[in-house]
Amino acid sequence: MGSEIPDYYNKTLASENNTVATRNSGFPVWEDYKGSVDDLQYFLIGLYTFVSLLGFMGNLLILMAVMRKRNQKTTVNFLIGNLAFSDILVVLFCSPFTLTSVLLDQWMFGKVMCHIMPFLQCVTVLVSTLILISIAIVRYHMIKHPVSNNLTANHGYFLIATVWTLGLAICSPLPVFHSLVELQESFGSAWLSSRYLCVESWPSDSYRIAFTISLLLVQYILPLVCLTVSHTSVCRTISCGLSSQDSKLEENEMINLTLQPAKRSGPQAKLSHHPKWTYSFIRRHRRRYSKKTACVRPAPAGPALESREGRPPGKVGSMQSQPPPSNKFMPGVPTCFEVKPEENSDVPEMRVSRSIMRLRKRSRSVFYRLTVLILVFAVSWMPLHLFHVVTDFNDNLISNRHFKLVYCICHLLGMMSCCLNPILYGFLNNGIKADLMSLIHCLHVS
């Protein structure tokens, strides 16, 4: 399956055991089948050319940017470079051969290429998908274990070797079960023309359906589940970290604003420097309380200590405190009292720190980007996989006239992922983006 063309003649020649199939030239299905694409062949050529050039140039730039400073790159950047390389192979192997077979209605590249090319097409698409899973897993590991994150270049090499091994192993049946079939057109006893078709020749339909379902699971459902679970966990971890950081920064902000003297206030009282006097300002539950409170832990009572250190301050900056009488303080027991601002003083309002705003903005950016990654993968590859499943189980569901046109649309959507991956994984990566801008500047200067 993968990205190779599921030749229309697989279903019409499935019962043929010979290498030559005869078809009458007046057979209406043949003409209907050709007419679906002939009307749009120039549009398809232009669209395939645009998508191929865009995917090739975008992935080539990302690959060059990653290779410029490969000794300083992380495991994620190493995987992104391999993703760009695999997408280049997808563009080179899938677009030209598929478009040629669709427009010419025949296989022009010989028997050997009939066995090799579907295999290479399937492998490159599968490897690209498995690398997406690897990137998601590595990002999840880095977010969940930031302190113990010890991924090295050897881990990247191991992941790439595993990905290519799995791709080659899963797609290995394709070279065996592809064959070149000669299709001849005749009119009565006269032979008009002949053409060769590269078709899948499975021992039975059950083998073909089993292989299609396997590729559906490995190439689409498993990656989609992994991307969704991994990116959801990453977003949740970032959100939890942001909440704790938010509350910590708000508390520090409130303490700073409370302890900072007002500029237009009167004489300021000095805080006691006794080590056992501590001040901590807290904000109670927002739903029940709206006032600030202060908890003061006084020093142990004693005449000598009181004569040296004096009483605790009654003012903190521009804030007027009203504690209970000193004879009611109990040593070692915090006493909470209300902190009220002076009537004529300008108390700065509580404002959200710029650090919190930056963290929130970054969290939203990460959430949107990961959501787009999932949607792009799901939308771009879903039509092609559905097309393969539908045609394998019910080949009459799509009319003969529109068969190729529907396939080309599904195939182009899959190719669009190769154009969008450089943007989503490269241009939106700050490190790769900086290297890319430097590379473009060097190319422009030279």
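Placed from the backbone N, Cα and C atoms, the Cβ positions cover glycine too.
Going by the topological domain names that Swiss-Prot assigns, TRP107 and ASN400 belong to one and the same side of the membrane. Swiss-Prot lists a disulfide bond between CYS198 and one candidate from CYS114, CYS122, CYS235, CYS240; that candidate is CYS114.
For the annotation N-linked glycosylation site, the record in Swiss-Prot points to ASN10 among the listed residues ASN10, ASN256. In Swiss-Prot, the feature N-linked glycosylation site is attached to one residue out of ASN17, ASN150, namely ASN17.
Fewest Cβ neighbours within 10 Å among the recorded positions CYS114, CYS198, CYS442: that distinction goes to CYS442. Counting Cβ pairs under 8 Å that are 6 or more residues apart, the transmembrane segment (78-98) and the transmembrane segment (408-428) reach 3 or more and are in contact. Each residue contributes its Cα atom, and for CYS114 (disulfide bond) and CYS442 (S-palmitoyl cysteine) these two points are 42 Å apart. When each of 43-63, 209-229, 370-390, 408-428 is scored by its Cβ pairs under 8 Å to the transmembrane segment (118-138), the top-ranked stretch turns out to be 209-229. Only residues 6 or more beyond the boundaries of the transmembrane segment (209-229), in the same chain, are considered here, and those with a CB under 8 A from a CB of the stretch are 1-2, 122, 125-126, 129-130, 132-133, 136-137, 170, 173, 202, 373-374, 377-378, 381-382, 385, 388-389, 392-393.
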